[in-house]
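Here TrEMBL flags Cys323 as active site, nucleophile. The S-adenosyl-L-methionine binding site annotation in TrEMBL covers Cys197, Ser198, Ala199, Pro200, Gly201, Gly202, Lys203, Glu220, Asp251, Asp269. Annotation comment: TrEMBL describes 96-415 as domain 'SAM-dependent MTase RsmB/NOP-type'.
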Amino acid sequence: MTVSSFSATKECFKWKSSQEKEILERCQKIKKRCKRKRPSCPAVLDHFDRQYGEELGDLWTSARTALLDPRSWQYGVMLNRFSVLTDITQKLQSQGFSALRLRTNSSASLCASNPSTEEKDSMLIPHCLLPHELHHHPQSHPSVCSLQCYIHPLSLRFPSQAHRPGRLKQYYLLNAASLLPVLALQLRDEDRVLDLCSAPGGKAIAIMQSATPAFLCCNEPDPHRRDWLTKTLESFLPHSLNSRVTVTGRDGRLIAQTEAGFYDKVLVDAPCSNDRSWLYSSSNQQGAQRLRNREKLPSLQAQLLRSALSAVRPGGVVVYSTCTLSSYENWAVVEEILKDFPQAEPEDLWEDIAIPLSNYFTFSPPPGQNHIHLKKSPLTLDSTVSTRHHRLGLLVVPQHGKMWGPMFVSRIRRKE
């Protein structure tokens, strides 16, 4: 064999190897897509049609179509500021991803701007407070915002990264609407923060991307989910933050008995009837069981929210969130607590979050409020729409092209 023919043969093998690799990757993608084409659960879908058809009207028709097409679901890519982000931003942009500009009308807003070198250094090497300092930490200062999330207009999913002990992941894949509860917290450096129902840990990671709290308690009572949470934190946070971030396994309903008025900010991302997950229950029996359990959820959610309001200091903020469209688990829970907790004052998120972020998310009004006006045009947002009804919370409804949510967010401040 001549040198030239050997070279040609070698190049041919390279080409075949490259082609085989490409075909294999395509097959894997097809398998993943086929796996996502699992059928919906008739029992759950029928229940959703009756409840959400009444609560959301025409908006449910388009949301239903979107939820029944998992191939159209979108995924955000939240960057990890504690990791080396070599070429990640460039790769995202080359594939058509763009930065999600999380700006609000609040003075304590999050943004995706690039901090200065000095600010980056201060974020990556935070000062660690001693335990006795947590009770008398100095006046908190506005955080240097470093939360960065990239989204794609289509359902392109960036590849996930495997957990590798001792090596931090560069990014976290998530439903971009999951960032809104963290945004609503209005985090500041040196805040004492409680993530009451923390697993699997995505919002805890977002909290640490947004500010440098004096103390973040990630609570999860379920042992399996707590292990999942711990692994998530280990994958994204450096050991230098161990003195600031702790994981506990307490009953969230009782946490205020030992820590009443201790926290500046509390997030209650409550257990709920996860619409995306429940819609694809493995069987009608599992779906029916979930629907029976659903009736107990508002009571549990109310207990957790009540506990959170007792755990936050006067003047502090509690954010309540779920990933369901159900009004019984959203506005109804907030209304019940407000009747029982006179120190609680809901804050309007319509002008603060809904209007400035309406290019990214579809927001629905509370059931029965301005429904005729907004049902036909849910994307037409105006500051005049902001009324006392919107003080109870915002609901993100998934729609084609804006496949984020479901996500309900309510911010409640404890009066001083």
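The backbone N, Cα and C atoms fix where each Cβ goes, and this holds for glycine too.
If you take the C-beta of Gly201 (S-adenosyl-L-methionine binding site) and look for same-chain residues 6 or more apart in sequence within under 8 angstroms, you find Cys218, Trp228, Leu229, Thr232, Leu233. The C-beta environment of Lys203 (S-adenosyl-L-methionine binding site), restricted to residues of the same chain at least 6 apart in sequence and closer than 8 Å, consists of Ser178, Pro181, Val182, Asp195, Leu267, Asp269. Taking the C-alpha positions, the distance from Cys197 (S-adenosyl-L-methionine binding site) to Cys323 (active site, nucleophile) comes to 13 Å. Asp251 (S-adenosyl-L-methionine binding site) is 21 Å away from Cys323 (active site, nucleophile) when you measure Cα to Cα. Under 8 Å, Cβ to Cβ, and six or more positions away along its own chain, Ala199 (S-adenosyl-L-methionine binding site) finds Glu220, Asp222, Arg225, Arg226, Trp228, Leu229.
Cβ contacts within 10 Å of Cys197 (S-adenosyl-L-methionine binding site), excluding its own Cβ and spanning all protein chains shown: 22.
Counting other Cβ atoms within 10 Å of each Cβ, the recorded positions Asp251, Cys323 show the lowest value at Asp251. On the 0 to 100 pLDDT scale, the domain 'SAM-dependent MTase RsmB/NOP-type' (96-415) averages 84 in this prediction. Overall, the recorded S-adenosyl-L-methionine-binding residues Cys197, Ser198, Ala199, Pro200, Gly201, Gly202, Lys203, Glu220, Asp251, Asp269 cover a maximum inter-Cα distance of 20 Å.
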